[in-house]
Amino acid sequence: MPELPEVEVVRRGLERGVVGRTVAEVEVHHLRAVRRHLAGADHFAASLVGQTVATARRRGKYLWLGLTPSEPGGPAVGDALLGHLGMSGQLLVVPADSPDQVHLRVRFRFTDEGRELRFVDQRTFGGLAVVSGGAELPAPIAHIAPDPLSVDFDPERFADALRRRRTGLKRALLDQTLISGVGNIYADEGLWAARLHYARPTETVTRAEALRLLDAVRTVMTAALAAGGTSFDRLYVSTEGVSGLFERSLEVYGRGGQACSRCASTIRRDAFMNRSSFSCPACQPRPRRVR
């Protein structure tokens, strides 16, 4: 699933490709793509026609396009087109005459008749919805915490909240109400960089260790963002269809059985929450008590 760096790459592409443009037509090719828009596909499309895209924003793994209020004297805050990429979602800005992708789910045409926006999703776990009055922050994601690269993220509050949890470190990092945008890849990479085991009980972590972990996650995510994100199977691509290159820089994730670049020990792969965790047994010693 795309995590913060990948979603931010897409957000930047949307900012370049669709902000300032007015929606002329919306085609819904697969109802599951708009299942979160409870009023239905026809209402979804009608809600967007004539709307101008004012902003492209993100919180954690969610994206939204803030729309300009369309009626004089109407609400001061516009609606939002809220999206989540799920496991395989892509938002592509492509020439209008380019062939349709096999898994095209929603098409957006604009009044300038330039490049169109397409939502493509092979596994259909992603989705789009229009949120009334949600241009600043859509209500369905208001409970999600700021992400570690956000200017309003509070490191001290994070450290205190982390240490009050009664869970394992990686479970805490995946909790989007504590810190958003971190998924399996960057949790493993951040924990390796901070030399902390994923099952370490959060209540045993010192303030200094919590801040070190946060700094490690930020550093890894910043590097991933600079590389265009991580692409394993080409399901994640930018709005231009370009894969990320950070896979080449991963230290532990997906490298079970290989040598740790820091100490040459063999990287472990453990089952974790119906997925996998990768760690170095020497650099990240397993605590006696785990969660």
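Just so it is clear, glycine is given a Cβ too, placed from its N, Cα and C backbone atoms.
From a predicted model like this one, the values you see are computed outputs, not experimental measurements.
Taken from Swiss-Prot, the feature active site, schiff-base intermediate with DNA applies to PRO2, supported by sequence analysis. In three-state terms derived from DSSP, PRO2 (active site, schiff-base intermediate with DNA) belongs to neither a helical nor a strand segment and is classed as coil. The number of other Cβ atoms within 10 Å of the Cβ belonging to PRO2 (active site, schiff-base intermediate with DNA), over all protein chains shown, comes to 29.
Long-range neighbours of GLU3 (active site, proton donor) (same chain, six or more residues apart, CB within less than 8 Å of its CB): LYS61, GLY181, VAL182, GLY183, ILE185, TYR186, MET221, THR230. If you look up Swiss-Prot, you'll see GLU3 (among others) marked as active site, proton donor, on the strength of sequence analysis.
Residue density at LYS61 (active site, proton donor): 23 other Cβ atoms are found within 10 A of its Cβ, drawing on all protein chains shown. Marked as active site, proton donor by Swiss-Prot: LYS61 (among others).
The Cβ of ARG275 (active site, proton donor) has 9 neighbouring Cβ atoms from other residues within 10 Å, across all protein chains displayed. According to its DSSP assignment, ARG275 (active site, proton donor) is in a strand. What Swiss-Prot records for ARG275 (among others) is active site, proton donor, and it gives sequence analysis as the kind of evidence.
According to Swiss-Prot, the DNA binding site annotation covers HIS103, ARG123, ARG165, on the basis of sequence analysis. DSSP assigns ARG123 (DNA binding site) to coil in the three-state reduction, placing it in neither a helix nor a strand.
Counting residues of the zinc finger (251-285) by DSSP class, helix then strand then coil, yields 0 helix, 12 strand, 23 coil. Look at Swiss-Prot and you will find 251-285 tagged as zinc finger.
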Lowest local Cβ density among HIS103, ARG123, ARG165, which the record lists as binding-site residues, within 10 Å: ARG123
Stretch-averaged pLDDT - the zinc finger (251-285): 97
Extent of the DNA binding site in Å [max Cα distance among HIS103, ARG123, ARG165]: 41
